[in-house]
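Enquirer: Pasting the relevant annotations from Swiss-Prot:
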- 18-24, 35-36, 40-41, 67, 122-123, 125-126, 152-154: GTP binding site (BINDING)
- 32-46: motif 'Switch 1' (MOTIF)
- 73: phosphothreonine (MOD_RES)
- 102: ubiquitin cross-link (CROSSLNK)
- 136: ubiquitin cross-link (CROSSLNK)
- 154: ubiquitin cross-link (CROSSLNK)
- 199: S-geranylgeranyl cysteine (LIPID)
- 200: S-geranylgeranyl cysteine (LIPID)
């Protein structure tokens, strides 16, 4: 059996309206790349990146969901096993911000109770086209007791910081396992397919 190259696996989810830049945020973090020609995500896709936090190698499995309503049934089935969820809106699109309340309700309905949440106001490099003041993002984050960052995938503002902060918040809540424990507990999301068991 191949030796595990990581200590912990965290499943993260990106949600928000179509066109807010979720895929760009993910690619900036996973590949340090920005592409202006992405087509809308169909259904769901994911990337993996391993980071080191507090001396532990943590594999981040980051799922990028489609924002369109027609994919709602597919994407909400992925909420259940998520340990961290990033809600993304576009600071140049007021409707995408208004819909954050809908996305928060989706989390309440479909995700685990103890899931870590974070709000991202994306495209902050386009300040001249801003329609959502930063204070509004801060206010909704305060009301829901979640962290908030304004980000730009294009010029790489706060992308890595947001992902690492979310991972650190999850790590803080993760029980420490015995170092000699070889078994992967699939009921706690310990393996790549482990989180699926929570859908049952």
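In case you wondered, yes, glycine gets a Cβ from its N, Cα and C as well.
Explain the structural surroundings of these features, please.
Expert: The number of other Cβ atoms within 10 Å of the Cβ belonging to residue 18 (GTP binding site), over all protein chains shown, comes to 14. In the three-state DSSP classification, residue 18 (GTP binding site) falls within coil.
Under the three-state DSSP scheme, residue 102 (ubiquitin cross-link) falls in the helix class. Summarising the environment of residue 102 (ubiquitin cross-link), the number of other Cβ atoms within 10 Å of its Cβ, over all protein chains shown, is 9.
Counting every protein chain shown, 16 other Cβ atoms lie within 10 Å of the Cβ of residue 136 (ubiquitin cross-link).
Secondary structure at residue 154 (GTP binding site), as computed by DSSP, is coil. With a cut-off of 8 Å between CB atoms and residues at least 6 apart in sequence, the same chain places 24, 34, 123, 125 near residue 154 (GTP binding site), listed in sequence order.
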Enquirer: Whole-number Å distance between the CA of residue 126 (GTP binding site) and the CA of residue 102 (ubiquitin cross-link)?
Expert: 25
Enquirer: From the Cα of residue 122 (GTP binding site) across to the Cα of residue 136 (ubiquitin cross-link), what is the distance in angstrom?
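Expert: About 13 Å separates the two Cα atoms.
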Enquirer: Calculate the distance in Å between the alpha carbons (Cα) of residue 122 (GTP binding site) and residue 102 (ubiquitin cross-link), and round it to a whole number.
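Expert: With the alpha carbons as reference points, the distance is 18 Å.
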Enquirer: Quick one: mean pLDDT on the motif 'Switch 1' (32-46)?
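Expert: 68, rounded to a whole number.
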